[in-house]
Structure formats: structure tokens, C-alpha cells
Amino acid sequence: NTIINDMLIDRKRISIGDIVLEGTFGRIYAGTLTGDNENEAGADQDVFIKTVTNQAKADQVQVFLTESIHLKGLVHPNLHSLFGVCMETPEQPLVVYPYMQEGNMKKFLLKCRMSECGSRYTLNTQQLVYMAIQIIRGIQYLHRKKLIHKDLSTRNCIVGSELVVKVTDNSLARDLFPGDYNCLGDNENRPIKWMAIEALMHKRFSVASDVWAFGVALWEMMTLGQQPYAEVDPFEMATYLQEGYRIAKPHNCPDELFSLMACCWALTPDERPKFSQLLTYLQNFYMALGRYV
């Protein structure tokens, strides 16, 4: 684990606060990280701490760590990469990330749908488009670094103040959002309803399969966190897509946005738009909305 050695954080620097999200064995806490006196002035920072309970099996801990370091060392305003890892209790590592005020995007969207975030965010179309633009920028940076996300969705994005959005890794996502992952009898829990047809059938992942998943994430945003293909049996999903069926247009979703999503779900990867095209389209749409607001 030499990769982890150069990102170790001393346990004494971490204080753990309240639970933000919990699954069967996964936990995300809010907390603080005190400054490293050698390098910094010693200022405290608010952080999220991802960890597992002692119920986690060794292979689950290993997967958790592997997925946590997927975005290691990548610095971009729309990527949420970790500060470091504390391995003092190796079977329950603490993975430390920068704090983001609104937290997990899927949970945030659901709260907005239930109007629990008060009048601060009613989330109009323009704000949702603004958030989608940021997701694209984070993913484009990832692709420039020759990485494919493979699990792009609102559950793997995080929201800060002023609707800043960062794409995060998918560590613990299966445990924290079990309803978003299905096992098709091959012992592998996968985000079936977000996966491009070629990823689903042949495990082929590419920039184009991330584009497909972005289309589904945009659909999630426009529905404020509804489940895509809720009525479709996961085992039937590949056939359903091959026969040309797709998720229905959300209520109150502008045609311009739904036709954009539909392009992302072209059966042939080459026929899907590039992220640069999606970005230009959404930026223009954002500007046009601004003229009507």
C-alpha cells in the first residue's frame, strides 16, 4: 500500500463529530482536521470522514480503500478528492475529505423535493443546469487525466454553499445507496440503471459510457432525485434498452434538456455527444434561461 503511505494522516489530527450518512457498515461523519503544524499555520478545517464499522469484512475494507483513492492527487474545483487516510486501525480506515455544506447531491435533491431546505433552494431549472455544468467540468478533467468514472450519478456528487458541485468517488456508495445497485446473479453489485448498454452487457467502459451516465444524472436532477427506470426489473434492463425504451421525460423538464438526455442514451457509443458539446449546449441554455428570469 505504498500509494496510501504518502497520504497518511495522524489520528491525533482528526476529531469525529455527527453521523451524516450511514449504511449497513459504511459511515460518513462530519468532523475536523487540525492543521499539520510542520506545514501549515495549524488552522482547523471542517471535513467529512468516511469509514466502516467493525461489521465490514476484509474484502469490503479493501474495496473501500481502492475506490477512495480513485481520485487521489487530482485537483480541480469540481472534483472532491480526499485529503488523506488514517490507517491507525487498519480494519477501520478513516478517509478524510473536504467538508461541503449541503452534502450528498442525491440526498440534497430529495430534501429540495420535500421542500425541507426551506426557501433557500427551490432549485429552478437554471440552478439545476448550473449544477450540471459543474459535473461536466469535473468529469472532463478526470477524462483529461485518462480516468473513467464508471459510476457517475447524483449519489456520487456533493454540493457546497452557493450550489458548488464536485464529483466524488463511489466508495461506500453501494452500502449507502443499496437501492441504486443490483446484482444480476454474478456476485457483482452494479449501478444497472445508470449503465450504458455496452457497459451493462460487455463491461465496456469509456468516455462514452460516462456520457450515458451523465444523461441519467441529469434526469435525476430534473426529477429532484427520483429513481430512474423504477418500474423495470434489473434483469430486463439490457433487453429494455436494446428495444429502444428509455426513461420518460420528467414533468416540467424543458424539451431542450430532455432531447439532450436522449442523445446521451444512443445505443452506439459513437453516436452520443462529447462532453465538450454537452458543455457548450448547457452553457448556451443557461444563458438563454438567464434572459427570461
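Using N, Cα and C of the backbone, Cβ positions are placed for all residues, glycine too.
A TrEMBL annotation is a machine prediction, not a hand-curated record.
Note that the structure is predicted; figures quoted are calculated from it, not measured.
Lifted from TrEMBL, the feature list:
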- Asp151: active site, proton acceptor (ACT_SITE)
- Arg155: ATP binding site (BINDING)
- Asn156, Asp169: Mg(2+) binding site (BINDING)
- 14-286: domain 'Protein kinase' (DOMAIN)
Q: Taking the Cβ of Asn156 (Mg(2+) binding site) as the centre, count every other Cβ atom within 10 Å, in any protein chain shown.
A: 26
Q: Count the other Cβ atoms sitting within 10 Å of the Cβ of Asp169 (Mg(2+) binding site), across every protein chain shown.
A: 23
Q | The one of Asp151, Arg155 whose CB sees the fewest other CB atoms within 10 Å, among these recorded positions | A | Asp151
Q: Note the mean pLDDT of the domain 'Protein kinase' (14-286), expressed as a whole number.
A: 94
Q. Hey, how far is Asp169 (Mg(2+) binding site) from the residue listed as 'active site, proton acceptor', Cα to Cα, in Å?
A. 8
